[in-house]
């Protein structure tokens, strides 16, 4: 009997193992769609970004005008630009949904895939930050100034490090050109890290809502999940394109339509919506270095999850008290996002500080509550 | 086959790390089906309390403080507000006239060329005539000299000042902003422009405005370097529309909205097509997905203990 070409061809068999014959749990829900949606987001960003890069000029005197030129003179340049900007928002929606699903269902117990996932999250965050600087509007410039200055809080090497990043003594042309270079490069590193992420996932197979071994009830990836993922693609593309066509600047900041001016500081400096929760955590610590550590830890703390989980079941499906705690964490992140967009004044400062404590508390109280619940049922 | 599979499933399920917890017990904690009425009431109360807290937070967040000096912009019913509504092109044309006769004395629009007017507010010959009405410095010619020539369609709107310093010097130190992106660059967009242009008034008691500045409650801080520019009949429209101050403010706001988003009409037209296309694609893909999954979704798993 001859083997089908998809199983014998050295290239096709890799694809076959990933998207055709891959055994996938039959019970995974729509929340498992966000992995493939993230792949789509990456493709959209790389393709639109590539065409934008053909017309963009990374120079402080020309960057703003080159973006205006893209939007006004390049064929469908306005569409490329707004798809790229809103695509970043959808990237983060999918990232947060994907991460949230991993936390809820205990997917972090796949240590390698989870660790690479956290690295990808950090890389995408860095890429988005670098990209936001490129239009060289007021918020681009002042966002870059605020965030790069955070490195100055590092003892001993801080000032030197910041000047090394800037390529000078302030955010200027050297900063813009290198940010453009890294913004162009990072997505390809993200793509490589994604392949490693998928590789690790395929070693173990996907997790599922029950969090139990699902080998007894697996189905081939094709046609079940290919068609399910295509439906997900269409829904997300529809949402992205409709947002882009009906209200393209809804999620942006008006200040970024003002060319960067190092002499005029905007009244409220704030990042895009997807960084606001981390920005609120940063601002809630009065000490600069403490704020930076809290900011970094707000993401890196995801890495402790595999090591603090000592419960009998993997998924929160079987832990009602922890479900309440999980949704409280989600609410806290939403509230931190809101606080991040508020001015630094009472009552927002105190509210932000309380929410920051609650955010980090989850990672301590949740594993203890899991153990307590297990003991209660013993 | 299915039965065999379910038999294995059962066996594997029981092998899970449950140590002492019966699966039936665990499942009852994860559903609302068997929840006691009192527990449901408590959960409902928590939900209502949470919702109320969120509502209160939102209301407090939206409230206006007496300490704030500037007015928030009113949301006006623009004819282009609808998701499929285009800009009012007659209004864009009148707004261009307002810009040319009033605003252009101080404000540049460096990203707008005369060619951009074609098919939007002017015919090609009209736009060419508008361009030819200005003199543009060009060169150098074959003798190496700069020279002045009538404007062309490819020329951009002229800057009233030779540089920013000259603009500041002529305006008590204030730099009149370029208006190409002004509706996108201000919170409230065209609502802000209309409010600002029609919002000049005497300062309230206790508020004094420095000489050379003017009071406008919509401007941050209240004191603006630009004097009131629009008064009734300060100019005449070519289409005979009465040039009231509010009419001019509305028209120039629509013109500036177009200037900031020249793709406005095209993108809304594309949105209509996108809705039709994605509705079809979604319906089709969802049907195919359901069709492919129908076998899995309708299977019956039964446990038959071996004899």
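Just so you know, glycine gets a Cβ as well, placed from its N, Cα and C.
Annotations in TrEMBL come from automatic prediction, not curation.
According to TrEMBL, the protein has these features:
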- B:103, B:106, B:107, B:226: heme c binding site (BINDING)
- B:90-242: domain 'Cytochrome c' (DOMAIN)
- B:41-60: transmembrane segment (TRANSMEM)
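Structure coloured by features recorded in TrEMBL.
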residue: B:103; record: heme c binding site; contacts (Cβ under 8 Å, 6+ apart): B:179, B:229, B:252
residue: B:106; record: heme c binding site; contacts (Cβ under 8 Å, 6+ apart): B:160, B:167, B:170, B:171, B:176, B:226
residue: B:107; record: heme c binding site; contacts (Cβ under 8 Å, 6+ apart): B:99, B:160, B:176, B:177, B:178, B:179
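Spanning the residues B:103, B:106, B:107, B:226 that the record associates with binding heme c, the maximal Cα-Cα distance equals 11 Å. On the 0 to 100 pLDDT scale, the domain 'Cytochrome c' (B:90-242) averages 95 in the predicted structure.
Sitting within 8 Å of the Cβ centre of B:103, B:106, B:107, B:226, and not among those site residues for heme c, are the Cβ atoms of B:102, B:104, B:105, B:176, B:179, B:229. Residue B:226 (heme c binding site) is surrounded by 19 other CB atoms, counting those within 10 A of its CB over all protein chains shown.
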